[in-house]
Amino acid sequence: MEVLTTEGRDRLASHMSDVREQADERSEESMQTNLLVRNRWSAATLRVLSSMPSRSVGQQSRLEIISQCNIRSTQLRRYHRQTQDVSLSSRPSIRGYGIEADSEDVCEEETKRQELVNNLQSLSAGDRVRMLRATPLSLAEKTKLRKRVFSDKVGQSLLSSQVPCCSLLKRALYHILFGCLFIVSSLQLWQVALKRLGGRFGTGVLSYFLFIRTLLLFNVFLFLINGLFLVLPQAIHPPLHTPSSHRVTGLELFTGTGYLSNSVMFYGYYTNSTINTSCRPDEATAGTGCSTTSDPHMMAYNIPLAYFFTICITFFITGIVLVYSMSKSFGRSFRVFKSQGNLAIKVFCSWDFKVSKKMSVRLQSENITTQLKELLSEVKGGEEEKGRLSGMAVHLLAWSISLGSTFFCALGIHCFAKHMHLRRLEDVEGEVSLVHEARLLALPGVVSCGNLLLPGLFNLVSWMENFNSPIVRLYVSIFRNLLLKVSILGVLCYHWLGKIAAEPQQHGLQCWESFVGQELYRFLLVDFIFTVLYTVFGEFIWKLFSQGVLRRRRKPVFDIARNVLELIYGQTLTWLGVLFTPLLPAVQILKLLLLFHMKKSSLLVNCQASRKPWRASQMSTLFISLLCFPSFLGATVSVTYTIWTIKPSSGCGPFRNLPFMFHSGKQWAQELKSTNPKLAWLNWVHGCLVENPFFLFLMAGVFLMVIYVQTQILDGQRKIISLLQDQIENEGKDKKFLITRLQAVHEKRQYPLSPSSRPQPQGSEV
């Protein structure tokens, strides 16, 4: 038995020696590949490493923490005995100590812990709980201390029955505050629906629906300002209009003619009079008992002046909000974060543990999953390069097709608009019938057909180009659709302002402003009708064709470029029509509300997420930029051109018998100067700010300068952040270099006579 035991020990010893030899060989190989292997560090190197700030932060021993808590609990107990009052304990300071725990301090640590338990048991239940919460220990250590502190029956009774009233009150206030925050967050428009869409389809589709909400807020602002200061005063004091003999057919809701033309909807309904509300002398200060008479004590509301300044103020405030939103969006989207860092933050810090409902948990998990896929697609990255010559030929052909189709579409719309106005002149000379009214919808229908068909051609051309990156494909598609919309709107503005407004008598128009407003109203409605038809039938039929004929299990992908440019096109029509149709923002509000729910339902039924997930980090910035520069800037230029250079109609509207619309302000300033000479400075201010175009150019220059400075600041911040990240990486390399040199110096001192016997660090630099 002893022999067997001896043989077994020998075999075990030989086996262990083989294992050691293999381990030594592996360690030698690893030392050659890595210069910073821990087994090669000397005691001096380990001592230096342990004293480094990055190694010593947060490494304070439990003994020191318990000692500090023990001292604090003793002080609190003495203070409690002196004042007979329960005081709030503060968090014990753990800064300034560099003691590290050893195995020899276990007994001392246990003694300190027991002393701390004894001191805590002499305190009240509230002070015990606060002291344990403020102790910077792990949850396991806190749990052990809590069990020992509240192990006695007295402590358990204190914990269960003598909870301080202030703690209960604080807890109740916290619950009320969190409940209010939940209510406020739930009041945000479409919050649950947006979370669901973003979690299922990604940030690209989510940015489209967020853009709808942004446009809705802009139109609500326009509607409120126009309604309060323009529509409501004129509706309270309506003008005397001859009743229309036009037969009601129901088509007026689509054409804007008939009884709608003599309503607050259009420009021609508003008068150039002043609404005089008089008060008795004893009621002049109170502002009550007013009626419409000519009294010396009167409060006048000038309709032309209100019309002019309401339009100007709405455009001015909208421009400021757009510039602010764009600069803020630039700041959010161009933050420099590496995809790996975002991925780590998303993995470890994205879950909200306050979520308890199953619906909310599912939405949050879908959202995190989609965002992780998008971040992983950025990390994976890289586009496969194709042949240069063949790729350039395909791109050249695609752009030629896109630009050619856009040009011919704009040219066709221009020719068709001229033809339809000639037909309209013939209809004016004869009797007006239902066919003649329906013919007014021909031009909006042709334009909407072009907006519907050409984006499909652009998608086909993009499929020929075969972009590997979905972001590049989206940007190219947005730019091509933008060229189409800008070309169409440019042709229409030239037709309305350059032809009809310049020569209204030749076109048989007594009030060209109302006609342009009716045209914009028809364009907005017909565009919405075509959008509904495409959403209901186009996307649904394409899904059936893809799954039935092409035998694809996948549904089509949501076309972000087409839908976003349709929103920008509709909003541009609204801004163009505010001057001629003050209630056009109300129509746009209804359109956006219906469009959101319709697109959401169609997206959930007919579409699915892209096969290549991508993160739309700058989509919102791009949408706001497109809304600001081509859309709002073009509409502002057109409205400014109309107010300052085109003569208004002499038979309708608030600016009749005036050479230009902006002269309403000049006329008001002159009246003030004649009635009250002390207000003569208002005439000078109006001449400098309104009549002089230098002020408009100055404001535009200031806006552009603000945008430029903001982009430069953000670009500088991006460069600084990139430099700081490179510096952090270089700091790590410096640490490796210094540790390697420190190890080399120590080995040189340890083996001064036999340098060949010590291991040489490979790759070390001097």
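Quick reminder: no glycine exception, Cβ is built from N, Cα and C everywhere.
All annotation found in TrEMBL is predicted automatically rather than curated by experts.
Here the structure is a predicted model, which means the values were calculated and not measured.
Taken verbatim from TrEMBL:
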REGION    1-31  region 'Disordered'
COMPBIAS  7-29  compositional bias 'Basic and acidic residues'
TRANSMEM  172-193  transmembrane segment
TRANSMEM  205-232  transmembrane segment
TRANSMEM  305-325  transmembrane segment
TRANSMEM  396-420  transmembrane segment
TRANSMEM  440-461  transmembrane segment
TRANSMEM  482-501  transmembrane segment
DOMAIN    511-617  domain 'TMC'
TRANSMEM  521-545  transmembrane segment
TRANSMEM  621-644  transmembrane segment
TRANSMEM  684-709  transmembrane segment
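Mean model confidence for the domain 'TMC' (511-617) is a pLDDT of 88.
The highest tally of CB pairs under 8 A with the transmembrane segment (521-545), across 305-325, 396-420, 440-461, 482-501, 621-644, is held by 440-461. The transmembrane segment (621-644) shares the most Cβ pairs under 8 Å with 305-325, out of the stretches 205-232, 305-325, 396-420, 440-461, 684-709. Only sequence-distant pairs (6 or more apart) were considered; of these, fewer than three Cβ pairs between the transmembrane segment (305-325) and the transmembrane segment (482-501) are under 8 A, so the stretches are not in contact. A Cβ distance under 8 Å defines the sequence-distant neighbours of the transmembrane segment (684-709), meaning residues of its chain 6+ beyond its ends; these are 316, 319, 323, 326-327, 640, 644, 662, 665-666, 669.
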